[in-house]
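A short worksheet on the structure shown next.
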Amino acid sequence: MIENVKTQVHDRFEQTVPTSEVDEASHMAHNALASDGPPDCSTVPSPKIDRHAVASPGTAQSRLDPITGEWTIFAPHRGARPNQFGSLRRMANKKKVTCPFCAGEEASTPSACWAARVDHEDRFVVFGDPTDVEALDWSVRVVPNKYPVITENACGCNQGASLTRNPSSRSHPLFQSRDLIGGHEVIIESPYHVQSLSELDLAETKLLLFAYQQRLRFWRNQKGVKYISLFKNVGGDAGASLQHSHSQLIATDQIPNSVETICERMRSHQAKTGCCLQCDIIRAELKHRTRIVAQTDSLVAYCPYASRLPMLIRVTTKEHIDHFDDVPFASLDELARLLQRMTGWLESMIPQVAYNVLLHTRPPGATGSSEAFHWSLEFFPRISRVAGFEWSSDCMINTVLPEVATEKYRQFTAAEDPRRVL
C-alpha cells in the first residue's frame, strides 16, 4: 500500500494493475492486466479550483432554427484558441514544441479538477487535491477548457450541486435562444508530448478510460446536466487544434435533437420487443459474423451495417450496460488493449492518419427504462469529405462497405494471431 502523502492520497484510492512489458516499437500489448478492482472514489475531497484561471468571456448561447428544429451552439470565443496544425511546416523545424499540456507547463492551463498517476508498479493513484504540488507527478490530468464551448463551468461544484441558468430569450417567436450551462473539460492523456493513443502504454490507456468514468460520474451527479459528450480528436482533419494527445468532455443542460431521436428509437424498440436495440444488434452480428472485427470475453467490435463513415468501428459490451461509467473495472483492461490494437491497425494502413473517438453513454436527462440504453464507443479515421449533397440532405455517402472495412481490419487481427477465431 502507498503511504499517505500531503495530497491526501488515501489507501482506498489505490489499486494494483500489473501489466506485462509493452513493446515500445509497436505499442501493441497482448498480455492480460489483472486488478483487485477499482478504487473507491466516493469520499474523494471536492477539488480546490482556481476559478480565476477559467476563461469566462461570456455565456454560451444556443439558438433554435425554426425551419429545421435544430439548436446551434454559438461560442465565438473559441476562435481565439491556438492551432498548432495551421503551422506544421514551421513547427517541423523546431526542436522543442511549446505545449500547454506538457509536464512543467501546468500554469498555462486552468487549475486541475482531477489528476491521477500510474506508479512504478502500474498501480493507479488518484490525488485527493489535484491542485497540490504532489499532483504535478501526474499521468492523466483534467482541467477546465481554457476556450470552452460551455462557459458556466461547474468543475468546482460539490457533488449533487444544482446548476442554474438564465431564462430562455423569446423576444421574437421565430428567433428563440437560451443560455447553456454545464462544463467543458480537457482530459490530458500524458505528461509527455505524445500525439496518439498508440504512444501510450497499456496501463496509461486504462487510466485514461478510468478518468473517463470518473468525470462522467461527476457530471452525471450535477443536477441540471442532461447530456454529456466525451470525444477525442487526433489531427487537424479530425478537429484537433493542439497536437498533444487529449480528450474532451462537454456537459450541457440540453439534449441535442439528434441524440433525443436516437434515444426515442431505443425506447421504442425496447417497448415493442422487451429487448435492448444494441443487444439485439450484437446478437445478430455475432450470429452472422460478417462484420465482426474483434471480440474479447466482454467486448465486441464491429463495423455497423449502415455505417455513415468509412472504416468506422463500434465497440461495446456484450453485457447490457447503459452508462459507460458502470462498465466493470476489469473490462477496462480489455477495452484499453482493444483501443491500442485498433489505433495500431489504422496507423499501419494510413500513417499519421487523423481520427476521432466518440463515446456514447445514456444521457443523464434521458427518460425511459435503463433497459433501453446501451453505451458504445465509435472509432473512425477522417478519410472522407462531407460535400454538398451530404450538407443539403443530411444523408451521408460512404465509399467503403462495412464488410470491406471488416476484411481490411481482419488482416491485422490475423497477423496478430493466425489461430484467433472470431
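Including glycine, each Cβ sits where the backbone N, Cα and C put it.
Owing to the predicted nature of the structure, the values given are computational and were not obtained by experimental measurement.
Annotation source TrEMBL lists active site, tele-UMP-histidine intermediate at HIS246. Proximity of HIS246 (active site, tele-UMP-histidine intermediate) to non-local residues of its own chain (separation of 6 or more, Cβ distance below 8 Å) is seen for PHE101, VAL186, ILE187, ILE188, GLU189, LYS232, given in sequence order. The DSSP secondary structure for HIS246 (active site, tele-UMP-histidine intermediate) is strand.
Among the features that TrEMBL reports, Zn(2+) binding site is placed at CYS99, CYS102, HIS193, HIS244. In sequence order, CYS99, PHE101, CYS102, ILE188, SER190, HIS193, VAL194, GLN195 are the residues of the chain that are 6 or more apart from HIS244 (Zn(2+) binding site) and have a CB within less than 8 Å of its CB.
Confidence in the domain 'DUF4921' (198-407), given as mean pLDDT, stands at 96. Residues annotated as domain 'DUF4921' in TrEMBL: 198-407.
According to TrEMBL, the region 'Disordered' annotation covers 32-63.
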